[in-house]
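Below is one structure, written out as structure tokens; the observations come after it.
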Amino acid sequence: LLLLLEVTLLQLIGSSHHPFYNGFYYNHIMNDMDNGEDKVDYFSGPKLVVETSKDPVYSYSGANITLPCHYHYEPDSGAKHKIRIKWSKLRDDYTKEQDVMVAIGKTTVAFGDFKGRAHLHQASQHEASLVISDVRLKDDGKYRCEVIDGLEDESDVIDLRLQGIVFPYQPPRGQYRLNFHEAEQVCQDQGAILATFHQLFQAWSEGLDWCNAGWLADGTVQYPIRLPRKPCGGLHLAPGIRSYGPRHRHLHRFDAYCFSSMLRGEVFYLDRLTGMTLEEAKQSCQEAGAEIARVGHLYSAWKFLGLDRCSAGWLADGSVRYPIVNPRPNCGPAEPGVRTFGFPSKGRFGVFCYRER
């Protein structure tokens, strides 16, 4: 497709003495001095306009979602044009793009992780909407819809946000033991990914207050504070997201902020009268046609499915936790949340299992 575009441009350059026509009109201006300098074409035809939703589109892991995009001409000439449509995913600062899909006519090519998951929805003549199936955690972000008609190239940006939850994570070794790449891995091990800044900010606005600094997906280290206090930046600072800025991804070590979305399955609790060791807990989940739940599973079930259990249970990372939606006596603090007993080296508890539907 890129080669075809390059050939078209070369043909345009090679035939500069003929006005180019693709349904638009160009005023051809001759050089009065006739000194061999290039001639200039000034565009004077209909203007191409591309529009997407100004509001974010919300989805969740495993869903199918449509990102709307339409284009039109001002004024509308009524002529049909063979246009090229390109979708790309942007970084939050717009400095880098990841190709998602390109299409010319009925020919469509998807790239990378979007192969087999991305296609166009064109219910009307001037629609260029993107359909993403089986939405994944990394799909969260900004997308550019670009429409190219001859020499005209216009685009607009739309935001896809996954409904999810951010949770801080420390490994069994303790506080501040993870470099950036290790933080990425531990989040993946818990059925999650490193959170972005806007995901952490959303979590802070919903009440997340955590004094430990952790990695985010862009390589910065930050932490959310709702109640200013001396060990967390000082009493003189207003509530907000505290930032250490970008850190060395190999040398510096912190905790991690992970992001998990809604579940495609269920989390349930199993127990025995005498409790279970970690290995016995894993076996019990397997016998129930499930797997031992990960930390991300438990947080998602707590937030989105209302899982409330005042009984501690093993998770896959060797930690023991329990989720509380309705605080009550003998179930921890007065606020809802996921309580943790850390990583006990011995002891017998119940277990939280996860089974996909």
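Cβ from N, Cα, C; glycine included.
Positions annotated as disulfide bond by TrEMBL: C211-C232 (among others). Around C211 (disulfide bond), the same-chain residues six or more apart in sequence whose CB sits under 8 Å from its CB are Y223, I225, R229, P231, C232, listed in sequence order.
Counting every protein chain shown, 15 other Cβ atoms lie within 10 Å of the Cβ of C310 (disulfide bond). Residues or ranges marked as disulfide bond in TrEMBL: C310-C331 (among others).
The helix, strand and coil residue counts that DSSP assigns across the domain 'Ig-like' (46-158) are 6 helix, 62 strand, 45 coil. Annotation comment: TrEMBL describes 46-158 as domain 'Ig-like'.
Taken together, the residues in the domain 'Link' (165-260) have a mean pLDDT of 96 on the 0 to 100 scale. Per TrEMBL, domain 'Link' is recorded for 165-260 (among others).
The domain 'Link' annotation in TrEMBL covers 266-355 (among others).
Marked as signal peptide by TrEMBL: 1-15.
A simple Cβ count within 10 Å picks out one of the disulfide-bonded residues C232, C331 as the most packed, and that one is C232. According to DSSP, the secondary structure content of the domain 'Link' (266-355) in residues is 20 helix, 26 strand, 44 coil.
Across the domain 'Link' (165-260), the DSSP tally of helix, strand and coil residues reads 22 helix, 30 strand, 44 coil.
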